[in-house]
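What follows is a short report on a single structure.
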Amino acid sequence: MWHELVRLNFVRICYPCLMVFGTVGNILCLIILLRKRFRLQSTCQYLCVLAVIDILFIYTRSTRYLYRYIYNADLRNTSLWICRSLMFLSSTLSHLASWILVIVSFDRYFMIKNLFARRHIKSRVIQSTCILIFIVYTVNLHYFHILGIHVTIQSPIVHINNNILNETSHTITRFVCTPLPSFKTFFQLYVSIFDLLFVAIIPFCLMMFTNIGIICTIMRTNRLCATSREQQQNNRLTVMLLSVTLAFMLLTCPSVIYICLNRLTSSKTAVSNRRLLILDLLEALWYTKHALNFILYTLSGQDFRQEFMKLFPCSRQKTTNISMDQQRNRNNRLNIAINIYVDNTTLVNQRLLDNRKKLFNKEDNDVSIIIISKTSKIETPV
């Protein structure tokens, strides 16, 4: 039917593109976020962890669909070890991808509120990440105990002997990656509800709470006082984080909710071809979110774009020329300040300096003030 044809072509085109684009994009995110400009920020360190999780998630999930397209079989049904390992990794990585965003959102909120010290950023990131991995690893260990059964199939064999048909049966034992009979209800009901809550709903609510707090705090701070250069950089970093969490809410949450609800109802009713097509589309939408972070960072982060452009030699040469021009302008301004006659008095020198400022239309802080006279000492700017 046309459903099967669409699903087949979709798997053939979508998942290889996701693997290539997701791998390249997340590696670029790692390279840029580990540069000197970003690596001292706790938010960027968490986003580096997220990039590694996204790469593993894309490969773990997409490999099964590519194997089904190439060999027309489910990779999980090849052996007991592959079945349990793939299910464990898929569940663990999906939980980690959701909860690392929750942690970085809370970390950003506490940093904006000045509740975290900036001296122990590295140790805080390592400790929180290790604790998260240990908890998620522990709660998903049940996959190594409830999955994998061997099914016995009676296969008929027809023999023709002297134009006489003789039918015999042959017993075939095959491995199927399904829950054990004693854990079937547990897997279809409780595991589905657990994934629904801890992959989508609870992270969604926590991220909504922290993002609203972050936005309100930034708006209040910008309204009360003038933004400094460091604060502007922090605001741009916050926009990058908000874009990732928004993508999670729009792409991951609807897909996970539908998939888990379908798992709850699939045991009661037969799954139609149309529903299978919708499931494939939503799963691809879910996986796409893990490959989009590079685009989100590039569109929402001005500093990220600048560091990305520095990776290219032509842009690096242009940046060097701009820096040299800025340094030359500083030297010119210093020469303007020093180029005052020594024989003049301090008052005359001050008037000349004011005229120089007006001539070049500079602010007071942009010109180094050095007053030279016969009786005064040279005062260098601090």
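Cβ from N, Cα, C; glycine included.
Residues or ranges marked as domain 'G-protein coupled receptors family 1 profile' by TrEMBL: 25-297.
Same-chain residues lying 6 or more positions outside the transmembrane segment (13-34) and placing a CB less than 8 Å from one of its CB atoms are 44-45, 47-48, 51-52, 54-55, 58-59, 62, 65-66, 284, 287-288, 290-295, 297, 304, 307-308, 311. According to TrEMBL, the feature transmembrane segment maps to 13-34 (among others).
What TrEMBL records for 46-67 (among others) is transmembrane segment.
The transmembrane segment annotation in TrEMBL covers 79-104 (among others).
As annotated by TrEMBL, transmembrane segment applies to 125-146 (among others). Listed by sequence, the residues of this chain that lie at least six past the ends of the transmembrane segment (125-146) yet keep a Cβ under 8 A from its Cβ atoms are 42, 45-46, 49, 84, 87-88, 91-92, 95-96, 99-100, 103, 107, 179-180, 183, 186-187, 191.
What TrEMBL lists as transmembrane segment is 189-216 (among others). Sequence-distant contacts of the transmembrane segment (189-216) (same chain, at least 6 residues past either end, Cβ-Cβ under 8 Å): 91, 94-95, 98-99, 101-102, 105-106, 108-109, 112, 142, 238, 242, 245, 248-249, 252-253, 256-257, 260-261, 263-264.
Within the chain carrying the transmembrane segment (237-259), a Cβ under 8 angstroms from the stretch's Cβ atoms is held by residues 41, 43-44, 47, 50, 94, 97-98, 101, 104-105, 108, 112, 195-196, 199-201, 203-204, 207-208, 211, 214-215, 218, 278-279, 282-283, 285-286, 288-289, 292-293, 296-297, 299-301, 303-304, all 6 or more beyond its ends. According to TrEMBL, the transmembrane segment annotation covers 237-259 (among others).
Within its own chain, the transmembrane segment (46-67) is flanked in space by residues 11, 15-16, 18-19, 22-23, 26-27, 29-30, 33-34, 73-76, 86, 89-90, 93-94, 96-97, 100-101, 103-104, 107, 125, 129, 240-241, 244, 283, 287, 290-291, 293, 297, which lie at least six positions past its ends and keep a Cβ under 8 Å from the stretch.
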